[in-house]
Amino acid sequence: MSAKFEISFSKSAKLNSGLAILLKTAEADAAAGAETADPAGVIAKAAKIARFSGKSMAALDIVAPEGAPVERIVVLGLGKAAELTAHDWLKAGGAAASKIKNTDRAAVFLDVPGLTTDARAAADFALGMLLRAYSFDSYKTKKNDDEEKPAKSVKVTIVTADASGAKKAFSDSEAIAGGVNLARDLVNEPPNALGPVEFAARAKELETLGVEVEILTEKEMRRLGMGALLGVAQGSVRPPRLAVMQWKGGRAKDRPIAFIGKGVVFDTGGISIKPAAGMEDMKGDMGGAAAVTGLMHVLASRKAAVNAIGIIGLVENMPDGNAQRPGDIVTSMSGQTIEVINTDAEGRLVLCDALWYCNDRFKPQFMINLATLTGAIVVALGNVHAGLFSNDDQLSARLTAAGLSTNEKLWRMPLGKDYDKLIDSKFADMKNTGGRQAGSITAAHFLKRFVQDTPWAHLDIAGTAMGSPQDEINQSWGSGFGVRLLDELVRAHYEA
């Protein structure tokens, strides 16, 4: 659950209680709103004593003196004005949100002397607040004393010259926050509460936003020949599902764009079982499906002028007596056969049938799949970049640019025939692993065999979707990575 900020925008604010948050660049002599919030002029003295200079994300937190119109004043540094980016405004909003405690009212003054703050910057600041406010504590019956406990509802007035423009831009920010926080919720849910059926039901809830949602059952997938996906699912008593989400915001004649997510709701590794230490984190092995669901939420909420498909393959990988074995050969929906070398390389088996189904049914402009697919990508890139693999240079370049814009960064990895041959099998058309070397690359090549000539990109988000370092806009174990990135891609290039 999240702390609720009721955010509004105004050209001015009449202060009579609560908290005032003032912004200051490194160059400015005074903070925005200082005359209004601090008629006694104590900020300058406090800043001198604390050696506060307006360094980026540094904060000066003081109790307001008697006679001031507020109880607390926080001055937040922005750093050098010339170096401010959209992501810096996002971070500033998150940093500001972290200071809103024990109050039900706050005013934020954005217009720093000598700095032009446009409507987009104000909306980005507000988005940062909403992303930072997220927490997942619905299963806690008691809160620790040191945990942040903002009021259930805080009225926040953001003071900026272009208040009307900021209000208009903020509607998209609310949509983005809703999608990111939905993805975070899904990743954070315990696996006993979120199986394939329950996840599919969460996707079905998007119908209230105008998304068309179909849920394919095991029987329907078997009829379609999805032997790869069903092979993963057969070791669990929880039945698999394939959720197909359609947002029809574009022209009827326009081909859709498509996003496919790996949704392994819990991954034991199957018969090739994982070590016990850290296995609890495998509840997050559906981070790709969570991101796709969150993206569809955003597109529908902001009424994006595009036709978009979201498909998520939902299974649980368990090691019971009916589980698939190393050495099994399964037949995918494409008709290609796969030798299962390692049952812990299951995500690609789920995705290959979902990719083929998407391409065969919808004939999309492109397909982008997201998956917490390999530990190898974490070794290569850590949790700073997600791995990007693509058969299309234009799509890759657009994704990379969207990643830089949103700070959900991607790093393009190589593909090539020398890697592809590593997944050739003696007994089937291919095998599901290529050995220890180049593990993330051979996994991508496996997927590439199921996309034909359609422009395609694979995002390996194993290092960024869960357990990534906390920062100004994310304090959650499940980060919601990919939602903002893909929304920016759609917004920049694919809306009518």
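Note that Cβ sites are derived from N, Cα and C of the backbone, with glycine treated the same way.
The active site annotation in Swiss-Prot covers K274 (among others). Taking a C-beta cut-off of under 8 angstroms and a sequence separation of 6 or more, K274 (active site) has the following same-chain neighbours: D267, T268, M282, D344.
Using a 10 Å Cβ-Cβ cutoff, R348 (active site) registers 28 neighbours. In three-state terms derived from DSSP, R348 (active site) belongs to a helical segment. For R348 (among others), the entry in Swiss-Prot reads active site.
Per Swiss-Prot, the feature Mn(2+) 2 binding site maps to K262, D267, D285, E346; the stated evidence is sequence analysis. Sequence-distant neighbours of K262 (Mn(2+) 2 binding site): residues of the same chain at least 6 apart with a C-beta under 8 Å from its C-beta are D285, M286, G287, G288, A289, I312, G313, G347, V350, L351, N369, L370, A371, T372, L373.
Under the heading Mn(2+) 1 binding site, Swiss-Prot lists D267, D344, E346. In the structure as shown, the Cβ atom of D344 (Mn(2+) 1 binding site) sits within 10 Å of 20 other Cβ atoms.
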So what sits near E346 (Mn(2+) 2 binding site) in its own chain, CB-to-CB under 8 Å and at least six residues off in sequence?
V232, V264, D267, G270, V315, N317
Could you tell me which three-state DSSP class D285 (Mn(2+) 2 binding site) falls into?
coil
Counting every protein chain shown, other Cβ atoms within 10 Å of the Cβ of D285 (Mn(2+) 2 binding site) number 28
Residues lining the Mn(2+) 2 site besides K262, D267, D285, E346 (CB within 8 A of their CB center) are V232, G263, V264, M282, M286, V315, N317, G347, V350, A371, T372
